[in-house]
Amino acid sequence: MQQTIQTTLLIIGGGPGGYVAAIRAGQLGIPTVLVEGQALGGTCLNIGCIPSKALIHVAEQFHQASRFTEPSPLGISVASPRLDIGQSVAWKDGIVDRLTTGVAALLKKHGVKVVHGWAKVLDGKQVEVDGQRIQCEHLLLATGSSSVELPMLPLGGPVISSTEALAPKALPQHLVVVGGGYIGLELGIAYRKLGAQVSVVEARERILPTYDSELTAPVAESLKKLGIALHLGHSVEGYENGCLLANDGKGGQLRLEADRVLVAVGRRPRTKGFNLECLDLKMNGAAIAIDERCQTSMHNVWAIGDVAGEPMLAHRAMAQGEMVAEIIAGKARRFEPAAIAAVCFTDPEVVVVGKTPEQASQQGLDCIVAQFPFAANGRAMSLESKSGFVRVVARRDNHLILGWQAVGVAVSELSTAFAQSLEMGACLEDVAGTIHAHPTLGEAVQEAALRALGHALHI
């Protein structure tokens with residue numbers, strides 16, 4: 001029997017939430033052990049956020065190169081480009097390797113002991129990993145989430161999840177994406193730009209159903225221009241003889257020949273396989289219930305990130321992980337962000353931060369809503385990307401900004417400014433009175449605020 005490891009903080013899960021909590025705990029001098037059954041970095045770093053953005057970049061570069069085989073207003077002409085998808089995947093893997101190696105180095109630098117293996121929780125103070133017992137004062141659950149599977153579309157062979165989609169050995173002729181949310185559309189657009197025929201099957205009547213139709217309209221238009229077929233209001237029935245079967249709810253059946261089917265219908269908290277049942281924690285649906293300090297219903301047992309429910313975002317998990325480490329160190333902290341940015345890396349990109357016009361209305365708030373189109377922004381024109389807009393939502397009485405939304409090229413990079421303005425309690429006058437560099441996409445942020453005040457300059 002191996003000697004029991006004693007520690008103050010034991011973290012299960014080395015994803016963004018878990019490793020950030022460990023790094024901060026190490027900085028604060030808290031003895032910390034991190035247990036991870038797979039590669040450090042979790043879903044985000046290995047099979048999610050980072051590799052998907054790398055593949056999206058490859059797809060965009062190939063798509064742009066392919067455009068220039070025909071006459072271009074930019075005056076650029078090239079021969080037909082060729083794609084080595086194996087080399088593309090290797091480049092993507094190299095980025096992942098560098099980042100995961102960096103995480104390991106940071107953990108070592110701050111004195112965090114990393115134990116590789118799957119944790120089995122014995123009680124709120126003890127965990128076992130491959131026969132090694134670890135005893136702790138604080139247990140932090142950061143086990144993440146997993147892809148939702150459909151019983152009529154079991155994974156295997158031509159039916160894949162986002163994990164397999166991010167490491168293709170060859171491109172399919174026809175990829176059918178089941179799910180019109182952000183994961184399905186991000187990958188579907190990437191595959192289309194890489195040269196595959198792509199169809200999207202969505203049970204609801206529109207794409208990106210968690211966003212309002214005004215925001216998603218430019219994305220729908222882009223999908224049409226790219227030649228991606230949308231089959232909305234269709235429920236999947238199965239896959240047989242090389243065809244995806246779906247019905248439209250009116251008695252009609254859809255048959256789509258497909259050599260690859262990507263199931264992208266969401267994610268669920270990962271609570272199985274760790275013996276968490278022994279803790280008898282209070283649940284919030286499929287997620288572990290937490291309070292404003294990320295504490296569960298059991299004293300000194302904490303939960304952060306996807307396992308604690310929506311919004312399932314890496315930056316939320318990171319912020320929670322940092323906070324929990326500081327609470328354990330004795331600092332007074334609460335997780336009460338003014339807003340958490342949600343970003344969809346489609347073409348064009350979509351960003352939502354804070355309250356939308358509909359949410360403000362539902363809460364009985366009297367608001368000013370104003371938007372500024374990228375068609376009137378010089379930088380957007382120079383990027384050949386005039387579609388989309390920036391929209392601001394602010395209280396009518398005191399002009400306090402409650403929310404920002406944007407759709408357009410590279411608007412993901414505006415998300416920080418949006419979140420910061422809400423966190424700092426900015427009013428329309430604060431943003432409108434800030435000199436924005438010219439020419440930048442950020443000028444549309446200032447112009448939206450100016451328009452809300454009744455005097456936009458460039459429209």
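The backbone N, Cα and C atoms fix where each Cβ goes, glycine too.
Cross-referencing Val236, Val301, Val324 with the NAD(+) binding residues that Swiss-Prot gives (Gly179, Gly180, Gly181, Tyr182, Ile183, Glu202, Ala264, Val265, Gly266, Arg267, Met312) picks out Val236.
Within the set Cys49, Cys136, Swiss-Prot assigns Cys49 as the partner of Cys44, by disulphide bond.
Val265 (NAD(+) binding site) falls outside any helix or strand according to DSSP and counts as coil. Long-range Cβ contacts of Glu36 (FAD binding site) within its own chain (separation 6+, distance under 8 Å): Gly13, Gly14, Gly18, Gly42, Val114, Val115, His116.
In the three-state DSSP scheme, Leu40 (FAD binding site) falls into the coil class. Nearest in space to Val265 (NAD(+) binding site), taking C-alpha to C-alpha distance over the recorded positions Leu40, Cys49, Ala314, His438, is Cys49.
Each of the recorded positions Arg267, His438 was scored by the other Cβ atoms within 10 Å of its Cβ; the lowest score goes to His438. The DSSP secondary structure for Tyr182 (FAD binding site) is helix.
Between the CA atoms of Ala119 (FAD binding site) and Arg267 (NAD(+) binding site) there is a gap of 21 Å, rounded to the nearest whole number. Each of the binding-site residues Gly42, Gly179, Gly181 was scored by the number of other CB atoms within 10 Å of its CB, and the largest score is that of Gly42.
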